[in-house]
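The structure appears below as structure tokens.
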Amino acid sequence: MSPYAMSMLMSSLAMGTIITLSSSHWFLAWMGLEINTLAIIPLMTKMHHPRATESATKYFLTQATASALLLFSAAMNAWMTGEWTIVNMNSYIPTTILTIALAIKLGIAPFHPWLPDVLQGLDMMTCLILSTWQKLAPMALLILTSHQLNTSLLTLMALASAIIGGWGALNQTQMRKIMAYSSIAHLGWMTLVISFAPGLALLNLTIYLMMTSSMFVMLMALNATNMNKLSISWLKTPTLAASMMTGLLSLGGLPPLSGFLPKWLILQEMTKHHLGALSAVMALSALLSLFFYLRLSYMISMTSPPNISNANLAWRKKNNLSLISPILIVLSTMLMPITPMLLM
């Protein structure tokens with residue numbers, strides 16, 4: 001793709017998100033979401049492959065449906081209240097439709113099936129954008145309207161996302177599908193706490209963005225698209241393989257890594273609201289996710305491929321990591337010691 005076209009598309013992505021984040025009117029927020037969707041479609045189809053075309057088509061149809069529902073809920077709310085402001089959604093039906101629209105946009109269960117299929121047909125850089133940047137605008141709208149949304153509906157969707165996100169990745173071998181189910185599970189944790197403590201949901205989103213970005217950057221550096229390619233990474237780049245193993249454990253929420261911090265704080269907040277049974281189910285669903293992260297860590301660190309070289313010095317791949325990669329890796333694994341500062 002031409003650098004000029006790429007810069008224009010990336011600028012449009014940034015502009016769409018900024019318009020949505022800075023708007024107080026539903027029509028402006030909807031317009032920012034539409035600019036976001038239309039800017040990423042050419043990035044999806046730049047591979048000129050049938051799978052990429054299929055992914056772009058699926059993404060466009062789901063996002064168009066979600067945008068139509070969002071505009072319908074905003075128009076219905078304006079008809080009932082006479083206002084188009086985002087923070088004034090007081091009626092039951094518009095807020096329910098809005099919750100469903102934002103769940104479709106984010107890929108929260110039970111509106112999640114498009115996300116693994118779409119990610120599987122894209123290259124790693126577009127997967128990174130879709131898993132991180134494209135979550136910002138819908139999540140901002142969800143946080144802005146969280147005090148008016150149906151808490152029971154959000155809790156049910158959060159529970160379904162955490163269980164499906166852990167269960168769905170158990171039999172996957174493709175890294176992009178595994179990262180898609182990881183995204184669904186993390187979105188479940190954010191959705192669970194968003195009605196009780198939006199600040200915690202924002203902290204969870206920030207840590208999720210750092211962990212997912214560092215993981216995709218390392219996958220791009222290793223050119224690993226499935227588990228078999230991960231198993232030979234230790235021979236080629238031992239340092240990067242060790243960093244990826246730590247990043248995977250952090251994604252799984254294993255203490256004392258950064259991924260444990262949001263889960264710990266969310267479970268603490270849930271028990272404060274006397275939701276012990278719900279907290280227990282969420283903690284058990286996190287064990288499902290931890291299992292496949294541990295399986296990937298085992299593949300990276302403790303297995304050797306059958307076609308290993310007999311030479312004493314294995315060929316080493318040139319490290320093509322960007323300068324921001326070490327910062328992302330450190331932030332995605334070592335945030336636990338500064339927990340008091342983050343809470344303040």
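We count from 1, first residue shown onward.
Cβ atoms are placed via backbone N, Cα and C, with glycine included.
According to TrEMBL, the features are:
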type: TRANSMEM; residues: 12-38; note: transmembrane segment
type: DOMAIN; residues: 23-288; note: domain 'NADH:quinone oxidoreductase/Mrp antiporter transmembrane'
type: TRANSMEM; residues: 59-80; note: transmembrane segment
type: TRANSMEM; residues: 92-115; note: transmembrane segment
type: TRANSMEM; residues: 153-171; note: transmembrane segment
type: TRANSMEM; residues: 178-197; note: transmembrane segment
type: TRANSMEM; residues: 203-222; note: transmembrane segment
type: TRANSMEM; residues: 234-254; note: transmembrane segment
type: TRANSMEM; residues: 274-294; note: transmembrane segment
type: DOMAIN; residues: 290-343; note: domain 'NADH dehydrogenase subunit 2 C-terminal'
type: TRANSMEM; residues: 323-343; note: transmembrane segment
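Only sequence-distant pairs (6 or more apart) were considered; of these, fewer than three Cβ pairs between the transmembrane segment (203-222) and the transmembrane segment (274-294) are under 8 A, so the stretches are not in contact. Mean pLDDT for the domain 'NADH dehydrogenase subunit 2 C-terminal' (290-343) in this predicted model: 73.
Of the two recorded stretches, the transmembrane segment (153-171) lies close to the transmembrane segment (274-294), with three or more CB pairs under 8 Å once pairs fewer than 6 apart in sequence are set aside. Tallying C-beta pairs under 8 angstroms between the transmembrane segment (92-115) and each of 12-38, 59-80, 178-197, 234-254, 274-294 places 59-80 first. Most Cβ pairs within less than 8 Å of the transmembrane segment (59-80), among stretches 12-38, 178-197, 274-294, belong to 12-38. Beyond the transmembrane segment (12-38), the same-chain residues lying 6 or more positions past its ends with a Cβ under 8 Å from any Cβ of the stretch are 59-60, 63-64, 67, 70-71, 74, 77-78, 84-87, 105, 129, 133-134, 136-138, 140-141.
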